[in-house]
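Written below as structure tokens is the structure these notes are about.
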Amino acid sequence: MKNPFAHLAEPLDAAQPGKRFFNLNKLEDSRYGRLPFSIRVLLEAAVRNCDEFLVKKNDIENILNWNVMQHKNIEVPFKPARVILQDFTGVPAVVDFAAMRDAVKKLGGNPEKINPVCPADLVIDHSIQVDFNRRADSLQKNQDLEFERNKERFEFLKWGSQAFCNMRIIPPGSGIIHQVNLEYLARVVFDQDGCYYPDSLVGTDSHTTMIDGLGVLGWGVGGIEAEAVMLGQPISMVLPQVIGYKLMGKPHPLVTSTDIVLTITKHLRQVGVVGKFVEFFGPGVAQLSIADRATIANMCPEYGATAAFFPVDEVSIAYLLQTGREEDKVKHIQKYLQAVGMFRDFNDTSQDPDFTQVVELDLKTVVPCCSGPKRPQDKVAVSEMKKDFESCLGAKQGFKGFQVAPDRHNDRKTFLYSNSEFTLAHGSVVIAAITSCTNTSNPSVMLGAGLLAKKAVEAGLSVKPYIKTSLSPGSGVVTYYLRESGVMPYLSQLGFDVVGYGCMTCIGNSGPLPEPVVEAITQGDLVAVGVLSGNRNFEGRVHPNTRANYLASPPLVIAYAIAGTVRIDFEKEPLGVNAQGRQVFLKDIWPTRDEIQAVERQHVIPGMFKEVYQKIETVNKSWNALAAPSEKLYAWNPKSTYIKSPPFFESLTLDLQPPKSIVDAYVLLNLGDSVTTDHISPAGNIARNSPAARYLTNRGLTPREFNSYGSRRGNDAIMARGTFANIRLLNKFLNKQAPQTVHLPSGETLDVFDAAERYQQAGLPLIVLAGKEYGSGSSRDWAAKGPFLLGIKAVLAESYERIHRSNLVGMGVIPLEYLPGETADSLGLTGRERYTINIPEDLKPRMTVQIKLDTGKTFQAVMRFDTDVELTYFHNGGILNYMIRKMAQ
């Protein structure tokens, strides 16, 4: 059907009549000018894609009427301009696409219909690990090992880039997905098929929101949802409320963008922004560079919002030119955004739109800080760090507690390393990593770290040799300007050599610690510390042996590495003593903002970005040499332990089955609050005594060849065994941290997978009980696929993180939510009952259903299918089944 809004299309430039745009001002609707800028992007996409089938005129009216409809839980469709994927989530997506082609063929359809219609970029950044550090050849050795471990995955991805249209792969060694997106992939405005429209995207990584800092609306979705978008489906979303976050004032000269984002993260967690957009405005925004804004937008998942949007302004335009974008294109970007009312002047209050609620932060109140020891929202001022850590030591086990007996607070353990004796204590730093796109995309904090390293070396300071130090930049541009500015040798001297271009320590690919260090930590039962410039510090994520992990700016990472402990008050205690016996304090070596800006102006230049990115797809010789099959259907290798055809579609037919009630289900796990997707489906190392390790050992692999769970996401047998395999999982059935549960019929304590397998063999359905914020953290589709394969039919929780809830829906697992004010405790649930959940045939969004226990007790819960589209997916047994049936008909 013809687009009913076709009359809004007009040329942007009289000289190019063939290039048009949808002029939303021609709607002649006064409501448009009051909409938040982020909502204007949703409106434009709806107007441009209106076909009265997937996108209806009524959807446009609902978005225009945002001021009223934001409170009505109304569903709207959104068709993003593109999709980005990283390899940990990209491999299972390509595996699903390959399996969907097989399924469509089996059902009599054309398998080549399974093809991305929406452009997709897949950046390989999650596979490299810090195996080598503190040596000049660390980068080469880590990259060689990455290829050795992942050759099969990389060959499969190369097959995918040839077998599917519209899919571009950025090879390993290029950088981190979100930084490459910011510096290179982002268009800001698309110029395609004779039409200008705003760049927008979804990504299979929760930190996709980083691009919001450049004025490109984007957020993380589950891999399952991203696959549907790639196949042309719109995302069905609840029209979000938009929190206006007003920034005022100017930051103190000693404050970094990291300090600002950690302050905002704590603030917005307290405000409560889950499921909402945050849009930044106010004169303080004009004080922030695009790198600063991107740092703030990057940590959006940590404060729980869907998106953290900074509209495009003059600073954004200057950034596009600085990063080597073509001048003519940048002119058209500005002209288009001005024509359509999406270009901002943050000092002009008349441009401030309506918001659901306004919260404010005066940037001059921000102080240097870290976050930890177990959550990104737990901000600690650097001046309070020593006191805070010491109070955490004795506090009850929890987010801010390790329950170490008072008489053990000063325990020490000596050990030999490289023929010298060293001592570890509670609070000793054993990992110090400058890592993550959150910070390595920001030249001011990276050059700040480099200048601090220079001053530290010149002052005679050093880092103890057993501390695992590393520098993993998000793109080659970082190395370029660190080298050109002359600070790289000083970073290397302190142990911060470049170890790889990828996520590395930030996602738990921190590699092994020296054996003597691990022995000292375990024998002394010490709370050892990791300090990283990342965005997440959940328990067990950074490294199994660092029970405390703090997020900090790159200069502070170096400072704590030099100090060797977090039990230091930088204002009163020296970092160290130089060869002359003089005490050196942090204030003596901290670079000024003027020093940093002078170096940045001189060395961060457009030519550098052009040089790095013009050869990004061809620079990796190992990638270029990979052979990949050319067939359109993938030839699965039954012996492969990396790539396996998943069982999701084996019994799929064209006929729909009515939904069945869940009868007499057992509880597999009884969990508490803030269970992350890391707890549900860890990405890190495969423990040697785990079900996944036994599977690999039975296939002839040695522990050295296990690789990580993240790298094995193309193999469902390993991922099912890795579900709930996090050593920090706290299950109320056991009252201890372990990847285990009680098999209720027998009373035996088993690994979670072994217990689930026993239930499945007996034909017994399973559910999971949980508390608040279930599924927070990474947008990990295996955190939904894994439970599905374990036979889990439903999860009953107090609340869900947005992406994980939609992933459960996408796999046909029911997300149930207690009624307001009710919890497992208030209802007296022990988890040892059997649960019957009545599922009516005439399901409606957010319907209340009855749950009956074998004790005779009944209560109600809300079925969190939030939209009609989600119900359609559930009736089909999941979103991919729905797509296959659609393509096969």
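Keep in mind that glycine also has a Cβ here, set from the backbone N, Cα and C atoms.
Copied over from Swiss-Prot, here are the features:
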BINDING   GLN86, ASP205, SER206, HIS207, ARG536, ARG541, ARG699, SER779, ARG780  substrate binding site
BINDING   CYS437, CYS503, CYS506  [4Fe-4S] cluster binding site
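On the structure: features taken from Swiss-Prot.
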{"residue": "GLN86", "record": "substrate binding site", "DSSP (3 states)": "strand"}
{"residue": "SER206", "record": "substrate binding site", "DSSP (3 states)": "helix"}
{"residue": "CYS437", "record": "[4Fe-4S] cluster binding site", "DSSP (3 states)": "helix"}
{"residue": "CYS503", "record": "[4Fe-4S] cluster binding site", "DSSP (3 states)": "coil"}
{"residue": "ARG536", "record": "substrate binding site", "DSSP (3 states)": "coil"}
{"residue": "ARG699", "record": "substrate binding site", "DSSP (3 states)": "coil"}
{"residue": "ARG780", "record": "substrate binding site", "DSSP (3 states)": "coil"}
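Look at the Cβ of each of the binding-site residues ARG536, ARG699, ARG780 and count the other Cβ atoms within 10 Å; the largest number goes with ARG780.
Taking the C-alpha positions, the distance from CYS437 ([4Fe-4S] cluster binding site) to ARG536 (substrate binding site) comes to 12 Å. Cα spacing between CYS503 ([4Fe-4S] cluster binding site) and GLN86 (substrate binding site): 10 Å, rounded to the nearest whole number. In this structure the C-alpha atoms belonging to CYS506 ([4Fe-4S] cluster binding site) and ARG780 (substrate binding site) are separated by 15 Å.
Sequence-ordered, the extra residues of this chain that approach the [4Fe-4S] cluster site, with Cβ no more than 8 Å from the Cβ center of CYS437, CYS503, CYS506, are ASP125, ILE176, HIS178, HIS207, THR435, SER436, THR438, THR440, SER472, GLY474, GLY502, MET504, ILE507, GLY534, ASN535. Other Cβ atoms within 10 Å of the Cβ of SER206 (substrate binding site), summed over all protein chains shown, number 26. Note on GLN86 (substrate binding site): other Cβ atoms within 10 Å of its Cβ, all shown chains, come to 27. For CYS503 ([4Fe-4S] cluster binding site), other Cβ atoms within 10 Å of its Cβ number 29.
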